[in-house]
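Asker: What TrEMBL records for this protein is below:
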| type | residues | note |
| --- | --- | --- |
| SIGNAL | 1-27 | signal peptide |
| DOMAIN | 36-277 | domain 'SGNH hydrolase-type esterase' |
| ACT_SITE | S40 | active site, nucleophile |
| DISULFID | C57-C82 | disulfide bond |
| DISULFID | C135-C148 | disulfide bond |
| DISULFID | C202-C251 | disulfide bond |
| ACT_SITE | H272 | active site |
Amino acid sequence: MTLRRVLTAAVVVVTSLITLGAGAAAAAPPYSRYVALGDSYTSGPFIPFLRLDPIGCVRSTNNYPALLAATLNVSSYTDASCGGADTTNMTNPQSVPLFGTNPPQFNALRADTDLVTVGIGGNDDGVFGNVVGTCPGLRASDPHGAPCKAHFTVNGQDTLLASIAATQGKVTAVVQGIHQRSPQAKVLVIGYPRIAPPTGTCPDVLPFADGDYPYLDSIERALNAAVANAAGAADATYVDTYTPSLGHDACAGDNAWIQGQAFNILGAYPYHPRKAGMVGEAAIIAGALGVSRHVTTVTPQVPTAGVSTLTALAHALLKR
C-alpha cells in the first residue's frame, strides 16, 4: 500500500471516530445533576417502596422524581421532597413523624445542579389539609349542597382562595431561591393533578357533598394558577399536570391517578397520587423537557420500609 493510501485510510478512520464520538455526545443525557423538591404530591406517600431517609417524609422509590431520574439517566439524583412540606421548609428544617427531621430542602441544591423540579404550595396556610380534613365530614349535613364552600366563606369572602392568593408570592420566592443557589439549573414548577371529575360524583370514594365537587375543583384550579403565575414571574417553566390528568381523577376507578378516601397502606395515602399517577406525571414532565415520554421503571437502590414500619407510620400520620 502506498503512503498516500495509508494516509487516506487513516483520515477515513479518524473521521469515522470523530463522527461516532459526536453521535455519542449527542446521545448523552441532557441533564446530569437532578434535585427534586416538594411536598407529599411529590414524595408519594405509601406508594411502594418507602425510603427511610427519613421515613416520616414518606418518599417513594416510585414517585415521579425517581421515575424521571431513571428516564433521563442522570448521573446524580437527590430527592429532598417531604410529605407535609410547605414553602418555609425550603429554608427551614421540617419535623416528621417517627423520629426524624428533614433538613431544609434547599440544602440539596448545588452550584452545578442542572435540573430542579419543585412541587410546592398546597400546604401553605393549610389549604390542602383544610379541604380534605373538613369537607368530607360536612357532606352528611347537606349531601346535595355545598356545605364545605359555605364553611370556608366568611363575611362573603372565601378564606381558602384568599390564602391561595398569598401562596403565589411564596412560590415565586422559592423559585428565585433555587435560581440563586443553582444558577445553571433548568427549573420546572410542577402543578397538581386533578382530584375531582368535571361532572358526576363518587361519594364512596370522594366523600364530598355534590355541590362541593366543583368547589374542590375551583380551589385546585386557583392553586395551580397561583403556582403557574409564580413560575412565570421567576423565569421558570410551569408543568401542567391538571389538564392531562382529565379522566384520571379519584372517581376514575382503575384509571385513577389519585387515591380516594381509603387508605391503602401498600398503595397510596388518601387523596394522594397512586403509582399510576406518578408514572403519568413523570411522562408529562419528560415531555416538557423534550425527551421521550416512555417512563423507565425503578428498582429500589436505597433501604426501604417493611410492613410493620409502614403500619406504625400510618398510625402516626392518622393521629396528626
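Note that Cβ sites are derived from N, Cα and C of the backbone, with glycine treated the same way.
Not measured: the values here are computed from a predicted model.
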Asker: Tell me, what is the mean pLDDT of the domain 'SGNH hydrolase-type esterase' (36-277)?
Answerer: 97
Asker: Tell me the Cβ neighbour count for H272 (active site), meaning other Cβ atoms within 10 Å of its Cβ, over all protein chains shown.
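Answerer: A 10 Å sphere around the Cβ of H272 (active site) contains 23 other Cβ atoms.
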Asker: Tell me the Cα distance separating C57 (disulfide bond) from C202 (disulfide bond), rounded to the nearest angstrom.
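Answerer: That comes out at 30 Å between the alpha carbons.
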Asker: Measure the Cβ-based neighbour count of the residue listed as 'active site, nucleophile', defined as the other Cβ atoms within 10 Å of its Cβ.
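Answerer: Result for the residue listed as 'active site, nucleophile': 26 other Cβ atoms within 10 Å.
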Asker: Which residues does C57 (disulfide bond) neighbour through Cβ under 8 Å, counting only same-chain ones at least six apart?
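Answerer: In sequence order, S43, R51, S81, C82, G83, Q94, V96, G100, N102 meet the Cβ cut-off.
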Asker: Work out how many Å separate C135 (disulfide bond) and the residue listed as 'active site, nucleophile' at their Cα atoms, rounded off.
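Answerer: A Cα-Cα distance of 20 Å.
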Asker: If you count Cβ atoms within 10 Å of each one, which of the disulfide-bonded residues C135, C148, C251 comes out on top?
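Answerer: That would be C148, with the highest Cβ count within 10 Å.
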Asker: Counting all other Cβ atoms within 10 Å across every protein chain shown, which of the disulfide-bonded residues C82, C202 scores highest?
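Answerer: Of the disulfide-bonded residues C82, C202, the most buried by Cβ count within 10 Å is C82.
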Asker: By CA-CA distance, flag whichever of S40, C148, C251 among the recorded positions is nearest to H272 (active site).
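Answerer: Of all the candidates listed, S40 is nearest in space.
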Asker: Expressed to the nearest Å, what is the distance separating C148 (disulfide bond) and C251 (disulfide bond) at their Cα atoms?
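Answerer: That comes out at 19 Å between the alpha carbons.
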Asker: For C148 (disulfide bond), name the DSSP secondary structure in the helix/strand/coil scheme.
Answerer: helix
Asker: Do you know offhand how many angstrom separate C251 (disulfide bond) and S40 (active site, nucleophile) by C-alpha?
Answerer: 20
